[in-house]
Amino acid sequence: MEWIGFANYAVFMAIFICIYALLSLGLNIQWGFTGLFNAGIAGFFAVGAYTSAVLTSPAADGRLGGFDLPFWVGWIGAMVAAALIAWPIGKICLRFRSDYLAIATIGVAEIIRLVIKSEDWLTNSARGITDIPRPLGDLSYTMSQLAYLGIVMAILLVAYLMVERQIASPWGRMMRAIRDNEDAARAMGKDVPYRRLEAFIFGSALMGLGGALFAHFNRSITPEAIDPMVATFLVWIMLILGGSGNNRGAILGVAVVWIIWSLSEIVTDQFPHEYAVKAKYLRIFLIGLMLQLVLRFRPEGLLPEASGERKPVGKPSD
Amino acid sequence: MGALEIINFYLVPGLVVGSIYALGAVGITLVFAILRYAHLAHGDLATLGAFLGLGLVTALGISPYLALTAVMALTAVVAVGIDRVFYDYLRERPKIVTVMASLGIALMVRAIVQMVWGVDSQTYTRGIVRPENWFGIRVRDRELITIVAMIVLVVALQLFLQRSKWGKAMRAMSDNPDLALLSGVDNGKVVTITWVIVGGLCAAAGLFLGLNFELKAMMGWSMLLPMFAAAILGGVGRVEGAVLGGLIVGVAEEMSTLFLPTEYKAATAFAILLLMLLVRPTGLLRGKVL
């Protein structure tokens, strides 16, 4: 039946949108609220995916683990691992302008890619890690898809509420102050590199969680599962188009870009083979062009950052 | 292992690849110092240069060396065009926005290369070139030409920067943009000249990379990290520093295979980058820190 296939596809897309939304929220903390340029999103994503895979998959010969732990341990582990990678990088680079962080995060993502591809004992290199358990994964196909969608939506909602609360708090105000006028914030006695480090680690942990959710959704993870440049860039265009500095915008941007991206893939897959390969690169070209157009004509994005005073969270309005 | 082996297997290849990094790093350091942002599309611009060279070599049947000047000119035009169409409008915005735009440009340029020339790796000329033997040191002609061309180009650039009116204007913009603008330096012209130089050097780096190894769509992107490491190692804004940095990074990468698996060659540049940011962010020759 046609509509069941369609509904299954819609659920599949919705799960991906939720996973990318976590990445986009993570980037929003780093870029939108703090002004940090992370060009290695795919690296933190991969660290999260592999950490959770190693922690939760059943024991296997020839590589570390698996430790067969419950999925939530894997997810927490993914966040911790991504944060642990972010910490030294942030520590070294956040004293300087964000350009240095951009270069360093490109480097980190590249090193992570090399490690994943070549360290047999850790990641099973090219064959990847399989048999990653999916929570509620033993239901029928449609039901387990729906159940997983429910789980990722719940996680996204919790993450969204936490980030919203954090951003509306004095901490969030301080972060925007640092982003908008570093010197003034420093003059007010704020420890700028330390605060930036907090935001960088916090955002990276969310990216790691996104990676873990992806690995459990696919039930496997291989080095080829995700194209690092394209994934990183997609998250960037999602956030910029949606509206950096606005969490709802960050999520809206994900939905818009992911739907365009997936539908364009369906269209180009209909082409004869020799054109289909070229069309893949044409899509990448157009997504790059889209960023240029948004930066030039609508830099504030679809849902701009709220300006002016926000109502403080947790205080009665007086 | 004797001294000759070290020279033949590590030092010579390191200096060759280091010369290529140097050509790229000089461009990165100029953009960083004069325009004040990290240009992430630098590697992919080099890829474009390499493939434009391939286009000329196959269409006209000339040798890659003859194509060099034409390719440098073509890529310079492309670089100026990219600046006019995309970066120019972002000049008044925070510089990091241009960094982001350049990441998009990197993707776009690479996508064009992949669409036009496909994804298989290619070479300028077929066949194996045997190295010449100079008193036990084995060097191929193309390797010698790479190093010599790098030196010639950098010396010419230094003469231009030290002697000519526009070179002085570029240095003034690098040292103190406000003062330079007050003294009547035409900002738009300095930007254009910078991109002409940077685009040309980029193309040369790409062409020599393709000449010594092979042409792949990812060749430039994978060179980005070593080029930035070289620019920062030498000191941002210092042309001679970028050359020194490029050579050091190139040799260090080759030497690293003595201790590390070859897959991790690329990690050497990253380690150098982080180490310099940690202990001496101004670089060896006291450049600037943005």
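Placed from the backbone N, Cα and C atoms, the Cβ positions cover glycine too.
Range A:199-219 is the one annotated as transmembrane segment, of A:199-219, A:283-303 (source: TrEMBL).
In terms of C-beta pairs under 8 Å, the stretch of A:6-23, A:69-87, A:99-116, A:146-163, A:225-242 lying closest in packing to the transmembrane segment (A:35-57) is A:99-116.
Segment contact holds for the transmembrane segment (A:146-163) and the transmembrane segment (A:6-23), given three or more CB pairs below 8 angstroms at sequence separation of 6 or more. The stretch with the most CB contacts under 8 Å to the transmembrane segment (A:199-219), chosen from A:6-23, A:99-116, A:225-242, A:249-268, is A:6-23.
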